[in-house]
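Student: Pasting the relevant annotations from TrEMBL:
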DOMAIN    12-213  domain 'TLC'
TRANSMEM  21-39  transmembrane segment
TRANSMEM  59-77  transmembrane segment
TRANSMEM  84-102  transmembrane segment
TRANSMEM  141-164  transmembrane segment
TRANSMEM  184-202  transmembrane segment
TRANSMEM  214-237  transmembrane segment
TRANSMEM  257-280  transmembrane segment
TRANSMEM  313-340  transmembrane segment
TRANSMEM  352-370  transmembrane segment
TRANSMEM  406-423  transmembrane segment
Amino acid sequence: MLVNTFQTLTDAQKVDWSTRVNSSINSFTVGIICVYMMLADHGLAANPLLYKSYLLKTNLSFVIGYLLSDTVISIVHYKKIGDWFTMAHHLVSMYAFAYVLTLNVMPYFANFRLLAELSTPLVNIRWFLDTLKYPKSSKAFVFNGVLMTLVFFFVRIVAMPIYWWKVYTVAITPLWSHMGHFRYVLIYVCIVLDLINLYWFSKMMNPLTWFDQGHGGTYLLTVVSISSIVCFVLGFITQNHSQVDKLWSLLPPIYCLIVFVCSPFQPRVLLMTVLAWMWGLRLSYNFARKDGYTWAGEDYRWPILRKIVNNRLLFELFNLTFISTFQNILLLFIACPIYYVASHRTAPLNAWDFVCTGLFLFFFAVEVTADQQQWNFHGDKKAKRPGTKDGFLQQGLFKYSRHPNFFSEICLWWIFYAFTLSAQPFSCINWTILGTISLTALINGSTTFTESISTQKYPKYKQYQQTTSRLIPWWPSK
């Protein structure tokens, strides 16, 4: 079938098809080798300006060979697929990589830039699907489009600040001045490439305007993208990985406010916005009194996890994918029920709305009480008052649940999701449930990690685990 379809293409499309197949194979191979070197070759990061690696030289040879062949093909078939911009890009790239290959200078930066090639096969697949006239609404087109955007975002956009931070760290060393004129090529060419990448990414984001529908979707995507990048860069530079923690109570209310402002007035949307802001302001106050918003404030679990991983590169990959990106996307998704309500024709306020509001206020009060009891206990513990020698709270709500505040947090967001059922009574499940499920899984996972620390720190904590429910409040067993 594919061969038959290929025969129907024009001569120009056939040439373009062949070059893109070659490009995809080369890019995938080169990208995988680059990832391997980043993870396995520690000497590359330790000596970014002068380091000899035969694997890197082999990889650069592949790249130069491909660029040369593609340039020749573009010249021979210039009338069909010729593009002066692409040829100029190839010539400059060949010069830069040949410089690294022959003089063994700046190998880290050459390898880092080639990570961007991981997105090229997906860009080519989009062209293949478009040429084969696949509908843009088809599963193949949508899946590749989402994957292409995500990979492009990580390897070309998120990578920018990391790359330039590394350039800065070596530019202030004496060895930098011995790099010759190539250091200026490195700076100016890469600035141009990054501007081009930003332009391409903006074009990729255009199809995502379907998410807007007049309810602030574009603004939501913009905020979550900027937040993910800023959190990662600050965490990478400062080695304080609580950047998302500082935004945890702020972003969902902001997302709700964006939807409320950008949508036609609906009482249910206003109600959900008020509840979200009530939750956010209270949690922000609780975080602030623990000095969470100070520059040095960091969740005690991150340093412990860094010691467990004991590999800077692996932890920064974890920072990129989970801490900064996944958690930021999660904060958007748990607020998405309000977007669902705003973007559908919904029923007027009804009894279910009042039930949800009452339940939300109840669990809000439980969470406030649990956090206050914990705050009071830690104050008594610091003052070494009686009843704190075990090191952890076992009274009040904590007599019935080891984590009543976590349990309440889970319930609050399930109730927030339940407002979508009030808006659409005959639709029990919709896509926004993914955020609530993910939050529930995240809290359960973090609870397990927290308790593993507590059992090592407090001798009697295992006994407390045996007698007291983990999350759901229940009478303690004997």
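Glycine too: its Cβ is placed from the backbone N, Cα and C atoms.
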Student: Do any residues, 6 or more residues outside the transmembrane segment (184-202), come within under 8 Å Cβ-to-Cβ of it, and if so which ones?
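Tutor: Residues 92, 95-96, 99, 106, 109, 113, 116, 149, 152-153, 156-157, 160, 163, 167.
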Student: Are there residues at least 6 beyond the ends of the transmembrane segment (214-237) whose Cβ is under 8 Å from a Cβ of it, and what are they?
Tutor: 153, 157-158, 161-162, 165, 205, 208, 243-244, 247, 251, 254-255, 258-259, 261-263, 316, 319-320, 323-325, 328-329, 331-332, 339, 342-343
Student: Please indicate, using numbers and ranges, the residues of the same chain that are 6 or more beyond the transmembrane segment (84-102) and have a C-beta under 8 Å from a C-beta there.
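Tutor: Here the qualifying positions are 57, 60-61, 63-64, 67-68, 70-71, 74-75, 110, 182, 185-186, 189.
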Student: Let me know the model's mean pLDDT on the domain 'TLC' (12-213).
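Tutor: Over the domain 'TLC' (12-213), the predicted model scores a mean pLDDT of 84.
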Student: Any contact between the transmembrane segment (313-340) and the transmembrane segment (406-423), i.e. 3 or more CB pairs below 8 Å with pairs at least 6 residues apart?
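Tutor: In contact, yes.
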Student: Other than its close neighbours in sequence, what residues sit by the transmembrane segment (59-77), given a CB gap under 8 Å and a spacing of at least six beyond its ends?
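Tutor: For the transmembrane segment (59-77), the list is 12, 15, 19, 22-23, 26, 29-30, 33-34, 37, 83, 86-87, 90-91, 93-94, 97-98, 100-101, 110-111, 114.
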